[in-house]
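Engineer: Sending over a structure as structure tokens; questions will come in a sec.
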């Protein structure tokens, strides 16, 4: 009963009746006296656990609007544990990966219809059983989420409602598939699988919302592009018509302007410059003045309107991305403020005077011990808290402590070993100097120039260099540099390969004719060694600051662009499934010799058949992904458009043009927008300012994901308290 009574108290209760500088506004309940006994201990444990959950929500930018009773908090922390989240991520990966195995299977060596053998098809029920297990995991996932947020919040959350709907449709479609013995023509649930990836990533949801908000501005430029395209199509149809006085057929008209759809397609492809200058040559050969038409079209469409679209997307998307990051900042501040209110309302929390309001450092340290966060951030926070001794933490000081979460620790290299001998100390200075690295770069360059010659000598030098660096820096100091780890790994592999080659094939001699022995031939082993030598030459990158900056920025983009990558995976997946449903089996190898030499000889130059594009098909999931990639790159994509128009029908162009708009126009421009923002931030001189050596700030650097923090607005105290008042589970028993 004591525990239930403790949980029935208001979450933001106060142990005093007055209001000080940091007390909450009116509207938040307070309890009048300090509790003692078992009930007070139960409430103290409850408050500690609530503060732990709120801080973990702040660290992960999660919403705090969920149940806060003891059992719900245990379930909540268990749900967000590494084991559960990794299990959920693996389940999402598994259900998406099924597309490569289930009918039509991608388990063949080649996608070329001329040489492809019949793939292994799984028996009915095998992949369906795996899929059912995945769907049951998702049912458990949505059930736990629904319970934690409560039914009232569940009804307002569109993502959770969509999650429930997608699961219901998938389970019904799965049952239909089993009842038809896996012979159904269309599996609707395949199109819905990418939703599981979307709903599990908050950043992908924000990115999708930003894209949706940016669509009106992109549509305005797209409409302008459509008008430009239609206008020049009409002009081209009129300009390249066949007149009464023409003595010979108009080659331009016959090749590219036969009809309105053909002309529209030709100029659409020209907008991507994929068929330039092919589309211009017939008219240009007849009259050089015709070149003006195509040059003006390309200038307006490709160089002006397409780049204008990029600029608009950059400007608009950056604004909407700011809103998303502002929401993340608000979630962090709201979580930390809720933790402060909980800890400051604990029994016996008030100071010597009733006006003293704050959090005891020892209570906060007890909370931090339980919080799941990175070890470096936890240690930094605990050191800051210990510096306050027994002084109560005010709200401003409490919030300021969490600025440590916005920093990532710069890895410090272990100290170098100490040698007693003066000769060894001199050698250590020499072999640990950066000029010794420069010497290694010169040796690697000379090895690259003289590749396949004297590889044994160069590999011996690499081994000697490794040993000397370990001598100068120490083993752990050597391993603390990623470039050294890469060099050491490649050197070890090269040494093993070279010893294996000599052991199997021996040294060259006048009558030396090595045959294939073992797994790899001599030629294969030599090629492998030379490939590793080429990779080892990348060691030069860290020694060139401009190149190192570019590479570090690109590597940093991987983390910032995970949401974009996820969106692209979703789009690829959906279009691939649709492509398989519409175009599977339409590309058929011609009869006769499999080499197709006669057929290729009779095919028109530049056609699908003459270029042997037979692997660009939608007969299985893997082949569909590669075909979509080739269309997204837009190089020679008009060949694929023409082939599917002949094999399927003119309506197939709609599918490929839609894919080009989604992938090449929208997604690539969004990618460029974030790429530009990241580079501008990284190359801003202010981002390279280093704090003075020896200060506490010198061991930290700002994290990549917070590159916009300097222009975000801090939420006000009134705003935070107003949102806390609207928390649906502040009163645990009503």
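The backbone N, Cα and C atoms fix where each Cβ goes, and this holds for glycine too.
All annotation found in TrEMBL is predicted automatically rather than curated by experts.
Since this is a predicted model, take the numbers as computed values, not measurements.
Copying in the features that TrEMBL gives for the protein in this structure:
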| type | residues | note |
| --- | --- | --- |
| DOMAIN | 101-317 | domain 'Ion transport' |
| DOMAIN | 451-679 | domain 'Ion transport' |
| REGION | 1-26 | region 'Disordered' |
| TRANSMEM | 83-101 | transmembrane segment |
| TRANSMEM | 129-148 | transmembrane segment |
| TRANSMEM | 160-181 | transmembrane segment |
| TRANSMEM | 221-243 | transmembrane segment |
| TRANSMEM | 289-314 | transmembrane segment |
| TRANSMEM | 466-481 | transmembrane segment |
| TRANSMEM | 488-508 | transmembrane segment |
| TRANSMEM | 520-541 | transmembrane segment |
| TRANSMEM | 561-583 | transmembrane segment |
| TRANSMEM | 654-676 | transmembrane segment |
Engineer: For the transmembrane segment (129-148), find every same-chain residue at least 6 residues outside the stretch whose CB is under 8 Å from a CB in it, and list them.
Structural biologist: 66-67, 72, 75-76, 79, 87-88, 91, 94-95, 98, 154, 160, 163-164, 167, 170-171, 174, 189, 196
Engineer: Which sequence positions outside the transmembrane segment (289-314), separated from its termini by at least 6 residues, show Cβ-Cβ distances below 8 Å to it?
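Structural biologist: Same-chain contacts beyond the flanks: 214, 217-218, 221-222, 224-225, 228-229, 232, 235-236, 239, 252, 267, 270-273, 276-277, 279-280, 283, 665-666, 669-670, 672-673, 676-677.
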Engineer: For the transmembrane segment (221-243), what are the same-chain contacts with Cβ under 8 Å, counting residues 6+ beyond its ends?
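Structural biologist: The answer is 249-250, 252-253, 256-257, 260, 263-264, 267-268, 271, 283, 290, 293, 297, 300-301, 305-306, 308-309, 312, 661, 665.
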